[in-house]
Amino acid sequence: MHQVFYQKYRPINFKQTLGQESIRKILVNAINRDKLPNGYIFSGERGTGKTTFAKIIAKAINCLNWDQIDVCNSCDVCKSINTNSAIDIVEIDAASKNGINDIRELVENVFNHPFTFKKKVYILDEAHMLTTQSWGGLLKTLEESPPYVLFIFTTTEFNKIPLTILSRCQSFFFKKITSDLILERLNDIAKKEKIKIEKDALIKIADLSQGSLRDGLSLLDQISNFSDSEKISITDVEKTFNIVDRNAKFTFIKAVLSGDIKEAFNLLDDFESNGLNFTYFLRELFALTVNLYAYAKLKNINVLDSTEKTMIETLNFEKQHYAFLIKAIEENTNFGLSQLTLIDRLKAIVISYNEFFNQKPLTISSPSNEKSLHLETEYLEKKKIKKSNHKQDQKHFSLFEKSFIDKSEKTPKNDEVTNNKFLDTSKLNLANIALAINAFNDNKWINHFQNLLSVFQTKFNDKDKQNNLSYFNNFIDKYSARDIVKATKIVKASSFGIVILFEDQKIAMRLWKEAIEEGNVQATIFQIFNQNLFLASFSEHQYKTTITEETKNQKYQTEVLNLTQLENLAKPFLKEKKRSLSQKMVDKYFKGLFEEK
């Protein structure tokens, strides 16, 4: 009968373990010096060796031939533990046996002396699944356990272990195993099992395992049945586990950086039809951008592997592609945040796509395309019609609508607000947005956004007509861009919004109305400030006479918005429209990528 690889090749001594050298050294010294605590807590990602270490410790403290370095695996104690027949080693699955009655049974047996071993060892896997009552029943026993008992708790969710338990145990965090170590182990096992597989395929499996040796062994076990005669290639691995090949990833990156919406979504259609693993796809995408960033900064082709060099030469990456990558990474404090910036770039494409998704062609980045120019002209004509209608209605638009809280009416619950796909902004007024931004005001944000505004104004007012037109054509909503360039300064700012002043009251009111009725302004704000922000626009006179005085005297009563509502306001929104099958597929693609889970 076939034995799965992760069981067959599970380490049975300290020497065979991978990637946890410091933990191994501490535990061996504790055993040699007889300084074992009442309990250990082993935490970390799946497949990093927590339960394996627990079993090896159980052998080490009872091994008849312990040599102060490792267990023998030949004495009766080691053999019984290896075959799971040792009475004094109790392994409990806390995910299924987590009730108070299960713990009471355990506690009753704790004080019984070991049958054959020197120490009894209780291993509780998935300890975070224990109930509060179970932890309470175990607490006293753990604190006053007899010297012949050792508790070992393993968990993937360290934060769920009660503090009262943590303070009575020694905790060790098991780090992820490096891809190099996993690759080395996979290569050894492939030779032992006589699996014909290319090195690149093993490298891909090691990468797919994401630091979990158990996952890597399971993947190797699965792919080993792919072929008996021919060598298993990296293409075979990609097909088996629904992974996008590197060529397609490079093509997708270039499409995103170029703003080629049609190409990007065509690629996503292909990925979806092939059962793409989106989580792994995003991680691979980011890894490739980091390599491209290193190449762009160092100007050294040797930082890329052979496949990446070929892809760059084939796809003709241009300077603007590298420029965006450098900006995306360097404007953040770490690579984790830069990944969010790259995702924001994809968000901008989604916004642009939704602006034109009922019209063809989808490509809007090429001014030389006659159809594309016709599409943009049609869009601008619609904007002009909206502008003319707006001028007729402008005199009826009130700056500060009454917003006193009617206590007789029930206010919506937070989850009702945050779950709305299209945010209702009809009940908002300029004052409550400005006051909310002021509540989270930070001078660092003011200075940061003011600098970006100055850069935008400088580029927008470039005397070189060709440069000016080129920069202007990058904006999805050109009308709001023309208005924002006339801003005088930013007076309040937070991570979700800005209060911005204008000399002309008409411009300020026009931007505000568009912000709450259409959402196009948010797309322009994103392009200028590289961040989703809600805009509260005032004339200098309005701000001075209204907001400043009312904030000072605290006379203005307005509905208080919570932080979640405010952050949702910052996100670009669009009117609900009938959505075709392809548009629903777009929603499916990006729902998991850009929404919090």
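Keep in mind that glycine also has a Cβ here, set from the backbone N, Cα and C atoms.
Some features that Swiss-Prot has for this protein:
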type	residues	note
BINDING	Gly44, Glu45, Arg46, Gly47, Thr48, Gly49, Lys50, Thr51	ATP binding site
BINDING	Cys63, Cys72, Cys75, Cys78	Zn(2+) binding site
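Of all the binding-site residues in the record (Cys63, Cys72, Cys75, Cys78), the one with the smallest CA separation from Arg46 (ATP binding site) is Cys78. Other than the site residues Gly44, Glu45, Arg46, Gly47, Thr48, Gly49, Lys50, Thr51, same-chain residues with C-beta atoms no more than 8 angstroms from the centre of those residues' C-beta atoms, the ATP site, are Phe42, Thr154, Thr156, Phe174, Ser212, Arg214.
In this structure the alpha carbons, written CA, of Cys72 (Zn(2+) binding site) and Thr48 (ATP binding site) are 23 Å apart. Annotation for Cys78 (Zn(2+) binding site): spatial neighbours Lys59, Cys63, Leu64, Val71, Cys72, criterion Cβ-Cβ under 8 Å with sequence separation of six or more. Here the CA atom of Cys75 (Zn(2+) binding site) lies 27 Å from the CA atom of Thr48 (ATP binding site). DSSP classifies Gly49 (ATP binding site) as coil under the three-state reduction.
Listed binding-site residues: Arg46, Lys50; maximum Cβ neighbour count within 10 Å falls on Lys50. Figure note: comparing Cβ neighbours within 10 Å for the binding-site residues Thr48, Thr51, the maximum is reached by Thr48. Proximity of Gly47 (ATP binding site) to non-local residues of its own chain (separation of 6 or more, Cβ distance below 8 Å) is seen for Tyr6, Ile177, Ser209, Gly211, Ser212, Leu213, Arg214, Asp215, Gly216, given in sequence order. With every protein chain in view, the residue among the binding-site residues Gly44, Gly49 whose Cβ has the most Cβ partners within 10 Å turns out to be Gly49. Under a cutoff of 8 A between CB atoms, and with a sequence separation of 6+ in the same chain, the neighbours of Cys75 (Zn(2+) binding site) are Cys63, Leu64, Asn65. If you count neighbouring Cβ atoms within 10 Å for each of the binding-site residues Cys63, Cys72, the highest count belongs to Cys63. Summary of the Zn(2+) site environment: with the site residues Cys63, Cys72, Cys75, Cys78 set aside, the chain residues having Cβ atoms within 8 Å of the Cβ mean position are Lys59, Leu64, Asn65, Trp66, Val71, Asn73, Ser74, Asp76, Val77, Lys79.
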